[in-house]
Amino acid sequence: MQRFIKWLAVITSLDLLIVLLGGALVTKTGSGQGCGKSWPLCNGEFVPSNLSMETIIELSHRLTSGSAGILVTLLCILSWKYYKHVRETKTLAILSFVFLVAQALMGAAAVVWGQMPAVLAIHFGISLISFASVILLTCLIFEIDQKFDARSLIMDKKMKFHIYGVTIYSYIVVYTGALVRHERASLACPDFPLCSKNRPMPTQLHEWVQMGHRVAAMLIFAWILYAMILAIRHYKQQPVVYWGWIISFILVTLQAVVGVLVVFTNASLAMALLHSLFISCLFAVLCYLVMLGTRSKVNAKEAASTSKQTK
């Protein structure tokens, strides 16, 4: 059964990643109304008779979301049953399921009633939490923490501050990026790093949205760089923290490069999807570091208790 659960965890993680990228594809191609205002049917039909490209994209996104719902539910039930001895399993299972249902309902509401861009931008963030929760469940199932000896990990307050702070802030950056997509502001500023050669500062809403995201992205790049330097200096003996921050910096660098290329490639579809891919992976890595941070407190208490008993 454990072999089956491992395969299920991998497939579920990939399916949720496809859901995330599919949502970005729907937004990028303007396919949100590809099935009209009907849900769960498509243009009032179980199998649509007229298959435009927008309809195919929207219908494919709905199908992958539906399959993800089934897979996540099954994974939550099995992990709850067979891995309940792991402290985080129940919490992650609940988060995976609840946020997947929330994003599905929000997606359906957007189709039927429509939503403002500021509300639609939350949709991607909700999906991201479900994805990260499933990734963490997968790590627990594959016992990644044991392989890196994470159960004995103890971090200082400074490192935990950076882990929690960067993760929370990254969610804000994700929201600003999703808002750029939903406000159709990807090309509002044709130059980089300033808005344009003639107008370095933004003058209207779409430009403010775009520049706000750029500033937020620059700050998270600098923050992760600083945290990585701390990890390299002080956590070489803790490979999970050491490599966690190095991988985070690689991902945020790729994210930044692709973000610039989005501007200079006229917001090409490939760059837009890569932009969503890298931030999804980055958020998952940061969430894993958060899980390690919560364990660190427990590990420190256990170490202190053991030390007292020894004395």
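Glycine residues also receive a Cβ, built from the backbone N, Cα and C atoms like all the rest.
The Cβ neighbour count for GLU58 (active site), using a 10 Å radius over every protein chain in view, is 25. DSSP assigns GLU58 (active site) to a helix. Annotated active site per Swiss-Prot: GLU58, in sequence order.
Annotation comment: Swiss-Prot describes HIS61, HIS123 as heme o binding site. Cβ neighbours within 10 Å of HIS61 (heme o binding site), excluding its own Cβ and spanning all shown chains: 23.
According to Swiss-Prot, the feature disulfide bond maps to CYS35-CYS42 (among others). In this structure, CYS42 (disulfide bond) is part of a beta strand by DSSP. The Cβ of CYS42 (disulfide bond) has 22 neighbouring Cβ atoms from other residues within 10 Å, across all protein chains displayed.
For CYS195 (disulfide bond), the count of additional Cβ atoms within 10 Å of its Cβ stands at 20 [all protein chains shown]. Here Swiss-Prot flags CYS189-CYS195 (among others) as disulfide bond.
When Cβ-Cβ distances below 8 Å are used as the criterion, the topological domain 'Cytoplasmic' (1-6) is approached by residues 75, 78-79, 82-83, 141-142 of the same chain, each at least six residues removed from its ends. Look at Swiss-Prot and you will find 1-6 (among others) tagged as topological domain 'Cytoplasmic', backed by sequence analysis.
Under the heading topological domain 'Extracellular', Swiss-Prot lists 28-62 (among others). A Cβ distance under 8 Å defines the sequence-distant neighbours of the topological domain 'Extracellular' (28-62), meaning residues of its chain 6+ beyond its ends; these are 19, 22, 108, 110-112, 181, 267, 269, 272-273.
Broken down by DSSP into helix, strand and coil, the topological domain 'Cytoplasmic' (84-91) contains 3 helix, 0 strand, 5 coil. As annotated by Swiss-Prot, topological domain 'Cytoplasmic' applies to 84-91 (among others).
According to Swiss-Prot, the topological domain 'Extracellular' annotation covers 113-121 (among others), on the basis of sequence analysis.
Swiss-Prot lists 143-159 (among others) with the feature topological domain 'Cytoplasmic'.
Outside the topological domain 'Extracellular' (181-211), and at least 6 residues removed from its termini, the chain residues within Cβ reach (under 8 Å) are 24, 27-28, 117-118, 120-121, 218, 260, 262-264, 266-267, 272. Per Swiss-Prot, topological domain 'Extracellular' is recorded for 181-211 (among others).
Per Swiss-Prot, the feature topological domain 'Cytoplasmic' maps to 233-243 (among others); the stated evidence is sequence analysis. According to DSSP, the secondary structure content of the topological domain 'Cytoplasmic' (233-243) in residues is 7 helix, 0 strand, 4 coil.
Per Swiss-Prot, the feature topological domain 'Extracellular' maps to 265-271 (among others); the stated evidence is sequence analysis. The DSSP breakdown of the topological domain 'Extracellular' (265-271), given as helix, strand and coil counts, is 3 helix, 0 strand, 4 coil.
The topological domain 'Cytoplasmic' annotation in Swiss-Prot covers 293-311 (among others).
Distant neighbours of the transmembrane segment (7-27): 34, 57-58, 60-61, 64-65, 67-68, 71-72, 74-75, 78-79, 100, 107, 120, 123-124, 127-128, 130-131, 134-135, 137-138, 141-142, 181-182, 269, 272-273, 275-277, 280; these residues of the same chain sit at least 6 beyond its ends, with a Cβ under 8 Å from one of its Cβ atoms. The transmembrane segment annotation in Swiss-Prot covers 7-27 (among others).
Per Swiss-Prot, the feature transmembrane segment maps to 63-83 (among others); the stated evidence is sequence analysis.
The transmembrane segment annotation in Swiss-Prot covers 92-112 (among others), and the record cites sequence analysis as its basis. Beyond the ends of the transmembrane segment (92-112), by six or more residues, the same chain brings 16, 23, 32-33, 35, 37-40, 65, 68-69, 72-73, 75-76, 79-80, 120, 122-123, 126-127, 129-130, 133-134, 136-137, 140 to within a C-beta distance below 8 angstroms of the stretch.
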Local Cβ density at HIS123 (heme o binding site) - other Cβ atoms counted within 10 Å: 21
Coarse DSSP state, helix versus strand versus coil, of HIS123 (heme o binding site): helix
Contact call for the transmembrane segment (122-142) against the transmembrane segment (212-232), three or more Cβ pairs under 8 Å: no
Recorded positions near CYS35 (disulfide bond) (Cα-Cα within 10 Å), from GLU58, HIS61, HIS123: GLU58
Cβ-Cβ under 8 Å with the transmembrane segment (160-180): same-chain residues at least 6 beyond its ends: 117-118, 120-125, 128, 186, 209-210, 212-213, 216-217, 219-220, 223-224, 226-227, 230, 248, 275, 279, 282-283, 286-287, 289-290, 292-293, 296
